[in-house]
């Protein structure tokens with residue numbers, strides 16, 4: 001007997017796939033949802049990590065801009081109006097979410113130039 005195979009190795013503490021990837025979004029849950037959602041017969045190991053990273057980036061981007069909008073309005077809490085202002089004022093996010101309606105979001109303040117009063121020139125004698 002060489003003594004191999006019996007004990008010896010201590011099992012390492014479980015580390016989530018989210019923490020391995022350095023993400024906050026749940027990689028395991030996204031993997032489960034991809035499998036259960038009939039998106040394909042099989043789901044690769046990298047797919048949920050990539051998707052979680054993309055979702056986390058988009059969420060961080062929207063929250064950053066919405067936080068700025070809230071601060072501009074002297075508020076400490078982000079409301080749907082701030083989300084609407086953040087998304088519609090950003091060209092790329094507006095294109096991505098063009099078909100999305102945000103409840104209680106309101107509209108962007110916009111007045112067509114032709115509707116503004118004409119500027120009268122002061123006549124000099």
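Yeah, the Cβs are placed from backbone N, Cα and C, and that goes for glycine too.
Pulled from Swiss-Prot, these are the features on record:
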type	residues	note
REGION	1-21	region 'Disordered'
COMPBIAS	1-18	compositional bias 'Basic residues'
MOD_RES	2	N-acetylserine
MOD_RES	2	phosphoserine
CROSSLNK	119	ubiquitin cross-link
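Within 10 Å of the C-beta atom of the residue listed as 'ubiquitin cross-link' sit 6 other C-beta atoms, taking all shown protein chains into account. Reduced to three states, the DSSP call for residue 119 (ubiquitin cross-link) is coil.
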